[in-house]
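> The structure's right below; bear with me while I get my questions together.
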Amino acid sequence: MNGHLKRRPVLIPGQRPWLGFLLLAAVLVAVPFVAALGGQAWVRIANFSILYIFLALGLNIVVGYAGLLDLGYVAFYAVGAYTYALLASPHFGIHLPFWVILPLGAGLACIFGVLLGAPTLKLRGDYLAIVTLGFGEIVRIFMNNLNAPINVTNGAQGITLIDPIRIGDFSFAQTSTFLGVSFSGPQKYYFLLVALALLVIVVNMRLQDSRIGRAWQAIREDEVAAKACGINTRNIKLLAFAMGASFGGIAGGVFSAMQGFVSPESFSLMESITILAMVVLGGMGHIPGVILGAVLLTGLPEALRYGIEPLQRGLFGRMIIDPESLRMLIFGLALVLVMRFRPAGLWPSSQRRRELAESAD
Amino acid sequence: MSEKPLLLEAHEVAKHFGGVKALHDVSLTIRRGEIYGLIGPNGAGKTTFFNCLTGLYKNEGGYFIFDGVKLEADAPHKAAAVGIARTFQNIRLFGNMTAIENVMVGRHLRTHAGVFGAISRNPATRAEEGAIVRRAEELLHYVGIHERAHDYAKHLSYGDQRRLEIARALATEPKLLALDEPAAGMNGTETEALRVLVEGICRDGVTVLLIEHDVKLVMGLCERVAVLDYGEKICEDVPAVVQKDSRVIEAYLGGSVA
Amino acid sequence: MVRHQRLVAESLTMDTLLQQLINGLTLGAVYALVALGYTMVYGIIGLINFAHGEVVMIGTMVAFTVIVFFAGSGMPPLLILGVGLLVSVVVCMVLGWALERVAYRPLRHAPRLTPLITAIGMSIVLQNVAMLIWGRNYITFPPMINKQIYEVGGASFTNVQVAIVSLAALVMLGLIYLVHRTRIGMAMRATAQNPHVASLMGVDINRVIAMAFIIGSALGAVAGCMVGSYYEIAHYQMGFMLGLKAFTAAVLGGIGNLAGAMAGGLLLGLIEALGAGYIGDLTGNFLGSHYQDIFAFIVLIIVLMFRPSGLFGERTGDRA
């Protein structure tokens, strides 16, 4: 059925997609074991790449599908992370199970999203950018300072000893053996994260080809005409915004559990911009593009750390530019250059390329 | 002429931009099942009236009663929901979507699948999606552009874009279809085809409000005609009477001389 | 980042009120100057120039470098300050011009998100370039002016504050003259009204847009120098929060409206200072004065909710 709805090729185009998927699955399973050869640190890097894929695809619904610029995405991530941290750590002595806290964190983030989006989404798009930016700062200020007179967030020190995700006696933090294969903590989280990432990919794909997805596209194309077609544009945009926020909340909870530690430092504006850059540089609204963006930008700092640092020492005998600021410089320049020369991103959808070709006329 | 029941009643609708009065207490009534024409020289306030009716502008004075219910100003999607669909003078399609997708967007209002339906693709959602596609195909057939269903809207010819806009409007299941200068820029053949289409739409039970520059088309098509000049209604009657009205003649001649 | 820690409130008295009004006025004068840069650019091309805060930061840093360079030379301190201000204004004007020419002009007809993302990118680039030049630590301004403290009714203010407020007033009067009495000012107003018609009337749009960036950056440089001499410290990230608040001030006054930006800046400065002074009392000491930074955003959200066109902005009907 639905022969008319063109199926957008996802991940692996070709005659026999199952072959591609099989290959992909094999690679996905192999990654944590190959990475472990270089040490568990590499497994953690792989885990963060996937966590960022999850975050970026959540933001993709907001930025890519609904065309809204959210500059405070990390605030929702923070809400999820602190919800988890406060309800599963010795800080308050509360230890709720993850299946209670993760949905709770997502729900809270969603509520914040609605509170923030409802007044601003009827206005011009760039106001949303600035309001979300401001919200991100508010959340950060509260995280940093809400340690007195009642110690809620423990201020800049953050919260430690957060419970790992645990199902009965099965904890994600310890090494355990299945069928003779030993799985380390990070490796177990890896598979959990892959499952979550697949979930968000399916959500993205299905939304795109749905009544809601068409409404988002219509709004991006011509908001007045979309309204005249009976689309309640504010609600539909709010839906995208709230969904993005919920995904941010889930990611935050998983982050908390995986790290065992959260502090305001992890939720800076730069983090928001990094996630936005993943979406924009990869290819707004295009799932493979966004995944590419997330992998590239999580890999970049590692590459810089292991590549540029020795290179600089080798060439100049000392560090000329510290890798952190070099990373930021490359980020900034990449944003500017990509907007200039590949405004649809590195791997855009054919749809988006057309839209841009149109507006350049 | 038999008296048909009322569909739309505009009551002393007023709108101004800054100090300029674009609409001055315009009242008119449209009956169910008729083709009603709204004409007037350039800048007479026709499109402004349209935009107030469809909720794009907020009228400062007066109100609309549609199908027995008072319309809420300033809410285009609500106007569409109660059954007023429109086209735009300067065609506004979703250019990077295909013709059929444009019409499918028009079905948004009368369908229900939400986020959970979209994600789970449950049988109800799949059935609804199928129905949306079928209805969109039917409508493209109805306006005669089904062969272009999978072309991008921006690649359609001008006349086909007008038709697509009408199909998209019809997809919202309107009681009143408001067409803003549909014949603008069309040649004689295209205009004639449009006339046949509009007559067909009316015959199929949709009331039509037609804003037009092409006086000949309006006079041939409409049962009743209102004339706006400088934001005021100067005449409302059957075409034969309107054509002979001295104020109308003056408005048009005066307009064209100045 | 420069936090306005010196606005710590001690107690709820009229002294505090007067004191916070004075502090708020000083802060507001700075916000107003920065807000003008946002509002001019927004009024003409509808872009939130996120990098404007960084231009202000560069202004502070350049002034710092010049002042340190001449500090031991035996030149009179006021002259050194003047030279610092002048160099910083010139550098920022060139920077503003370059920003528009290199980053934004090629995107003039791109979708709205595109230049906005470019602006964020430029802001990151400028911050990190500044960090490479001036380091990642706070830098301290050498004291150039003998600070004198005046006491009025229990509140105190310094000659630096007086200088800041009067210089800001002078610069704003100059801007009003420029916009209303000169050819380029007229061209700017015409372009803000309707760029297409203005270009038909022979206005060189590119020149007008470049001018908006150049003038805005010059005002930003002046503000940057003020911030530097008021707080006596600077940091490569100081532009971000300052810029965000100044933008809030511009929205508060009605974005695109020059008088609105000035009024919005002053108002925001006062709200912040009073808010910081009284927040402890208002919340039963639950929240302290380090929450000063949240006022700007709360104000922003409230304004957008109830009066999106700003306090002084005209309500424009949206054009269909």
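Using N, Cα and C of the backbone, Cβ positions are placed for all residues, glycine too.
Automatic, uncurated: that is what TrEMBL annotation is.
Annotations for this protein, taken from TrEMBL, read as follows:
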{"type": "TRANSMEM", "residues": "C:20-48", "note": "transmembrane segment"}
{"type": "TRANSMEM", "residues": "C:55-72", "note": "transmembrane segment"}
{"type": "TRANSMEM", "residues": "C:78-99", "note": "transmembrane segment"}
{"type": "TRANSMEM", "residues": "C:111-134", "note": "transmembrane segment"}
{"type": "TRANSMEM", "residues": "C:160-179", "note": "transmembrane segment"}
{"type": "TRANSMEM", "residues": "C:208-231", "note": "transmembrane segment"}
{"type": "TRANSMEM", "residues": "C:294-313", "note": "transmembrane segment"}
> Who are the chain neighbours of the transmembrane segment (C:55-72) in space, where the CB to CB distance is under 8 Å and they lie at least 6 residues beyond its ends?
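Sequence-distant neighbours of the transmembrane segment (C:55-72): 34, 37, 80-81, 83-85, 87-89, 91-92, 95-96, 99, 126-127, 130, 133-134, 139, 141-142, 144, 217, 220-225, 227-228, 234, 236-239, 242-243, 246.
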> Using Cβ atoms and a strict cutoff of less than 8 Å, what residues sit near the transmembrane segment (C:20-48) while being 6 or more residues removed from its termini?
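Apart from its flanks, the transmembrane segment (C:20-48) reaches 4, 6-7, 9, 55-56, 104, 108, 112, 115-116, 119, 155, 157, 161, 164-165, 168-169, 171-172, 175, 188, 191-192, 195, 208-209, 212-213, 215-217, 219-220, 222-223, 226-227, 230, 242-243, 245-247, 249-250, 253, 255-258, 260-274, 276-278.
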> Taking residues 6+ outside the transmembrane segment (C:294-313), which of them lie with a CB under 8 Å of any CB in it?
244-245, 248-249, 251-257, 259-260, 263-264, 267-268, 271-272, 275-276
> Can you tell me which parts of the same chain pack against the transmembrane segment (C:111-134), counting only residues 6+ beyond its ends and a CB-CB cutoff under 8 A?
46-51, 53-55, 57-58, 61, 64-65, 99, 103-104, 234, 236-237, 239-240
> Same chain, outside the transmembrane segment (C:78-99) by at least 6, Cβ under 8 Å from its Cβ: which residues?
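Sequence-remote neighbours of the transmembrane segment (C:78-99) are 49, 51, 55-56, 58-60, 62-64, 66-67, 70-71, 122, 144-145, 210, 213-214, 216-218, 220-222, 224-225, 229.
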